[in-house]
Each structure stands twice: as structure tokens, then as C-alpha cells.
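Peer 1: Below are the C-alpha cells for one structure; questions will follow.
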């Protein structure tokens, strides 16, 4: 570019800033003119507003005659059910409170005011009925958001302010968490009696019928995730107070709610039922594991934790016990009983014959009869005949190496006895008797065996607290010695053989009875397993089945009457 021609083009932003600096007063003046033009665009409404409120006194009741009654129509539009606090017994709702009444000072001819039929005025500038929530639980009895009121040329005034009310609600916890609650909101005039202000529901058709079935408008209701609305009736009452002779009318808006139980079923019911059935498995756990009592105590502590959790949810009332609380008390009783029974079973399992002798009826009932009813297989060695076992024990002993050697020696010294006599002799040896044994002398081959057995008789006779087996044998041996002269070594050997036989017999009986006690404990475990399982099933269905809502098929009306709910469910169906 040639020298002297170095002009630059202004940037767009800089150009706008330059125009704004020089034209700012002009722009502000233009905006003011537009606003003035807008205000002057409806001079009829301004003139009407001045005419209606210039001489209006908002403190005076709007009647032409002092004896007249102002009829106030009251309605409630529910927007949201925010919360129902069971602990504090407070219902929190987001509502629109609809008011309608006639004010003769607000009548005009629309033709005189350019066809204006409605006028919106601040509610602070007109008379308002002092409608309050009687059962308020938060301190705010009246509407705090002062929205504009709508004036009709006929004199009708419509005022619909929004409000969040916290009303007291008496909670019935008998069937928690399958419960239904009925709450109400009582509205009435705080100052004026029934001769000055008469209340009527906005949907009430005649004066005789004071009850309206659909008393709350649910068209703008947003469905709750915890409660279903079953009914919203409204009813007009008149109450006489001690202070005044005139009646005070009020309107009750009732809300019947049914709890959606999915949350509590998943987080409370199923864990409680599962933990209660663990008490049945205590009796399936073997007694030798050493964990039966620990499992019982763990289950008891778990149920105590759930009981404390419920006490934090429900109100502190002594009028009724909640359904879930009944079930927890029932299961805690079962678990506590299982602890006691488990201790008894463990005591039976570890009993010893030296301290506890099993009675015949215990053996007959718990070993022979009850296992068949419980479909248990009884080991064959537990069904033995103890008397036959004692008789045959000598024959078993004679078949051992030592017993056979003793019998051979007796046969040699008896001069070749017959087989029948030998069998009789074996039986007598097994039974502990020595009478009638025709033994003449002992040989040198038996002397070593006798010497081996001759020493420890005195020490073994009192082993394990068993009675001496030698009592009664001295007389029989003396009789034998009187008839036949036996060597002293053979007599001593017979004494020791009899002791060993009786000691082994008592030891086997000791072990067998120890096994019997263990099997009795096992049978008791199986018996109480079935009893506790049946009790748990019956208790679960009986206690939890008391709730009437489980059999109530009433459909919720909030989904049917709410336009918002219909839109939500329609969108959900389209997405699916």
C-alpha cells in the first residue's frame, strides 16, 4: 500500500461500542417511550382498577348489610405428597388452596370499561377470608405466598395461592409395613363465626349434602413413589366452642393412603424372614462342630439390630405393636428357645454312662420308635439286645487265641470230654462260672500263661469305677477245689480270665451307651428341626397375613385422575 494511504477499517465490536457511547441517551429514551405506550395501551383496566380500589377498605367484611353472611367456597388442589413422617406423625403436602367468594364492591359493567371482564389485583389490596389450617404441625397456619386475586365483573373473587402445609396425622402402625393411613386437613375461619362467614366446598351442589367423594383436585398431582391415594373425600362440619354460641363451620379434606411395600419388602421383610429361617439350620449343624451356640447368638443379635431399626422408623407409641415388630418378637422367641434347646441337646450329646445311666423308656422312644417317624436310619449296632449280648459274650471270648488255648488245656486235662460237655464248659466260662468243670491237673505248657496273668488282678479290679468281678467267684472256686484238686496256678488263671472278660464286656457296654447318648441327641436335633421349620412357616403366614391391605384390590385413584400421571405412564409405555 502506498504511503499516506494507511487508513484502517474499524472492528465490528469497537464500532458497536462507539455507537453505544454516543447513542445511549437516545436508546434509554426509546425504551421509556415504549413502556409508556404499553401502559397507556389499556387505559380502561387502569381506570377500572382506580375506580374499584380508590375507596375500598380491605379490613371491612364485603357485605352490604352487617347481618349478611359471606359465602366462601373452599377447594384444595393437591400438587405433591412430599412426605409422611411416621416418627413425627406429620404429613407434608404441596397444595393450591382455592378460594371463591362474592364481593359486591367489585361489580362493574364491562361495556363501560372497554369490555374488561376480569382484573388481576394484588391480594394484599383486597379483603381476604382468614382461612387457617387447624391441625397445623409446623407453625404456619395461613398461606404465606400472596399471589394475585382474580376479580370478575359479577363480583366473584377467585384466589388460589400455593402453599406447603405440614399437618398432624395420627399414624396407625398395627399393620406396618402393609399399612393404610387416613390423614385429614381441617380448614376454617379463625375469626368469623358461621353467621359472618359460611364455608362450603367448591364442588358442593346443595346445602343438604355436606360430603363430596372427590374432595381434592388431583389433576395436577405428581404421583408419590411411596404412597398410593385410595380416596380423597371432603366433608363440611359445624363445631360449637365453649366461647361462643354461634357455630364455626369447617371443612375436612381426608386423604386415604396405602403404602407401596416394595421397598420395605426387599429391605426389611425378606432379610427378617431369611434370618428367622437360619434358626432352623441350628439343629442341622452337628453337635461336634462346636458352633451351634455361636450361630444361635449371631442370629439373635441380627434380629435385635432389625428391631432397633424398626423402632427408629415407627412412632413411639404404646397403643399398638407393628406387624413387623410382632414377627420379629416371634422369631426372637424362637431363636431364644433354640438356644435353650441347643444347650440341652449338647448336654445329652456329651453325657457319659459313668454319670448318666440311660433309662429303658429313653432307649425305647428315642432309638426304636421316634427315628421311624422322623425317617431316620438307625445303625444296626444300636438295635442290639443287651441281655443276649451278655450271654453270648463268653462264646465270643472263647474264640479268641487265649480262650481257645484255655479250652484246649481243659479238654486235655478232662480226659477227652465230649463236644457237648465242652460247649457247656465254654458257656460256663463265658458266664463267669466254674462249677462242674472236670479239670484234673494243669500242664507245664499253661504255667507261663498263668504267670503272665497272675499279677495285676488287684489293680485292674477297680478300673474305671467298675465293680469287682471277683465277687461271688471265691465260693464257686472253693467248691471246685473241694471236689477236684486243681493246681493253684490254674485257679489263678481262671480268676484273671474272668476279670478280663468282664472288663472288656463293661468297656464295650460303656462305648455302646456313649454312642446311644449321641444318637439320642441326633434324634432330638432332627425332631426340633422339623418342629421349628413348621413353626416358622406357620408363624410367617399367620402374622404377616393379618394385614388387610394384602387382600385389598382397590385401585389407586391418583393414577386415574392425575393428568401428570397419565403423561408419565404414557411416556413410559412408549419407551418400552
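Glycine is treated like the rest: Cβ placed from N, Cα and C.
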Peer 1: On the same side of the membrane, residue 183 and residue 495, at least as Swiss-Prot annotates them?
Peer 2: no
Peer 1: Choose the correct range: of 527-545, 546-564, which one does Swiss-Prot annotate as transmembrane segment? Give that range.
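Peer 2: In Swiss-Prot, residues 527-545 carry the label transmembrane segment.
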Peer 1: Of 65, 183, 570, which recorded positions come within 10 Å of residue 244 (disulfide bond), going by C-alpha to C-alpha distance?
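Peer 2: Those close enough: none at all.
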Peer 1: By the DSSP assignment reduced to helix, strand and coil, which category contains residue 65 (N-linked glycosylation site)?
Peer 2: coil
Peer 1: So which residues does the transmembrane segment (262-285) touch in its own chain, when a touch means Cβ under 8 Å and the partner is 6 or more beyond its ends?
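Peer 2: Distal contacts: 177, 226, 291-292, 295-296, 299, 302-303, 306, 309-310, 324, 327-328, 331, 334-335, 338, 341-342, 345, 525-526, 528-529, 532-533, 536, 540, 544.
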Peer 1: Given the glycosylation sites 65, 254, 570, which one's Cβ is surrounded by the fewest other Cβ atoms within 10 Å?
Peer 2: 65
Peer 1: Reduced to three states, what secondary structure does DSSP give residue 183 (disulfide bond)?
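Peer 2: Where residue 183 (disulfide bond) sits, the three-state DSSP reduction gives strand.
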Peer 1: Using a Cβ cut-off under 8 Å and a sequence separation of 6 or more, which residues in the same chain sit near residue 183 (disulfide bond)?
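Peer 2: Same-chain residues close to residue 183 (disulfide bond) (Cβ under 8 Å, separated by 6 or more) are 84, 91, 167, 169, 170, 254, 255, 257.
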Peer 1: Just going by other Cβ atoms within 10 Å, which of the disulfide-bonded residues 169, 243, 244 has the emptiest spot?
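Peer 2: It is 243 that, of the disulfide-bonded residues 169, 243, 244, has the fewest other Cβ atoms within 10 Å.
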Peer 1: Looking at the topological domain 'Extracellular' (22-261) alone, can you tell me the average pLDDT?
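Peer 2: For the topological domain 'Extracellular' (22-261), the model's average pLDDT rounds to 88.
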